[in-house]
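J.: One structure, as structure tokens, below. Some questions next.
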Amino acid sequence: MEKVFIKALPVLRILIEAGHQAYFVGGAVRDSYMKRTIGDVDIATDAAPDQVERLFQRTVDVGKEHGTIIVLWEDETYEVTTFRTESDYVDFRRPSEVQFISSLEEDLKRRDLTINAMAMTADGKVLDYFGGKKDIDQKVIRTVGKPEDRFQEDALRMLRAVRFMSQLGFTLSPETEEAIAKEKSLLSHVSVERKTIEFEKLLQGRASRQALQTLIQTRLYEELPGFYHKRENLISTSEFPFFSLTSREELWAALLINLGIVLKDAPLFLKAWKLPGKVIKEAIHIADTFGQSLDAMTMYRAGKKALLSAAKISQLRQNEKLDEKKLKDIQYAYQNLPIKSLKDLDITGKDLLALRNRPAGKWVSEELQWIEQAVVTGKLSNQKKHIEEWLKTCGQH
């Protein structure tokens, strides 16, 4: 049993010693079986939320009505959820009623995919009622029960299924893929924020190419913001190795570039995904820097971060691997610029006012920009004395 489970065992044992059933469930069990890095450890129990709260000193109520309590144990947090069944779903995304039950199998039956519907006992035995291990061995994404039923319960499960394809390198079972194509319009009921989270994870997976192609084949892409008329662009975009990028800003900049979205249309496209303003601004800045010649002024205006991001995207459009030497050369060229911002100039607006003996006006910022360009391009050294002499010689203003 992995360390993360051993660390969580006291929580399981406290529940069991109090006369309750308790198991590790979900993604942690899947990743353990696959020998992958394990993320959050979740626990399922037949103890009611009130009973869970009484058994542990430190708890947080994050959704008691749905059976979920966070247990704080040592320096970790564990989501402890009561076995439950869910009745009719509202808006294809949330159950109208939750009923607490005593059967682990019935609880696991409501989960989305077989690979996520396994449990583990306190002694490390995996309980697999729906063939999750077999599907992992065969690298197949399959729903628990009829896919149409699962997707009508929560339409986001369609996008989640394709996201797991990308992350795990699996394929969809034929019936799961057919059901996505049939039920795709249900995704319109899901909030943009939830779709954005899944889509970003999909892009970052090692098998994003196959996943994006599945979005195209099932036409699920039509239910994603700004994609409806982008089928051909999406086909070519699927070839891009998004997994080699390291930030959200790079991810969305690469998407803009590969989809052929022009800069004037970029804000509308990115806002449709309800991205934070900072991400939108930086992604557009990277896309704007992309494709420009690497002269001194371009590098200066771009800044180190956007410059390297644009260079990475440019390289990855030609090759799946980054050329670290070229990136270091670009970084070196940037580091050797005489100044990195207007603040680095050895002369200020106040100095210009004194030198010119003129009242303040637009001319001050214009003259600073003129000096800035001369310094960046190497025509002028960044020393106050030289700048003042140069200004007198040039007779600017």
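Backbone N, Cα and C define each Cβ position, glycine as well.
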J.: According to Swiss-Prot, Gly27, Arg30, Asp154, Arg157, Arg160, Arg163 bind CTP; which of Arg84, Arg111, Arg209 is also listed for that site?
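T.: Between Arg84, Arg111, Arg209, Swiss-Prot records just one in the CTP site with Gly27, Arg30, Asp154, Arg157, Arg160, Arg163, namely Arg111.
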J.: In Å, rounded, how far does the Cα of Asp42 (Mg(2+) binding site) sit from the Cα of Gly27 (ATP binding site)?
T.: 8
J.: Rounding to the nearest whole angstrom, report the longest C-alpha distance spanning Gly27, Arg30, Arg111, Asp154, Arg157, Arg160, Arg163, listed for ATP.
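T.: Farthest-apart Cα atoms in Gly27, Arg30, Arg111, Asp154, Arg157, Arg160, Arg163 are separated by 21 Å.
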J.: Tell me the coarse DSSP state (helix, strand, coil) of Asp42 (Mg(2+) binding site).
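T.: In the DSSP reduction, Asp42 (Mg(2+) binding site) maps to strand.
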J.: Mind telling me which of the binding-site residues Arg111, Arg157, Arg160, Arg163 has the densest Cβ neighbourhood, counting other Cβ atoms within 10 Å?
T.: Arg157
J.: Which number gives the other C-beta atoms within 10 angstroms of the C-beta of Gly27 (ATP binding site), all protein chains shown included?
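T.: I count 17 other Cβ atoms within 10 Å of it.
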J.: Report, in whole Å, the straight Cα-to-Cα distance of Asp40 (Mg(2+) binding site) from Gly27 (ATP binding site).
T.: 8
J.: Any idea which of the binding-site residues Asp40, Asp154 has the thinnest Cβ neighbourhood at 10 Å?
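T.: Among the binding-site residues Asp40, Asp154, the sparsest Cβ neighbourhood within 10 Å belongs to Asp40.
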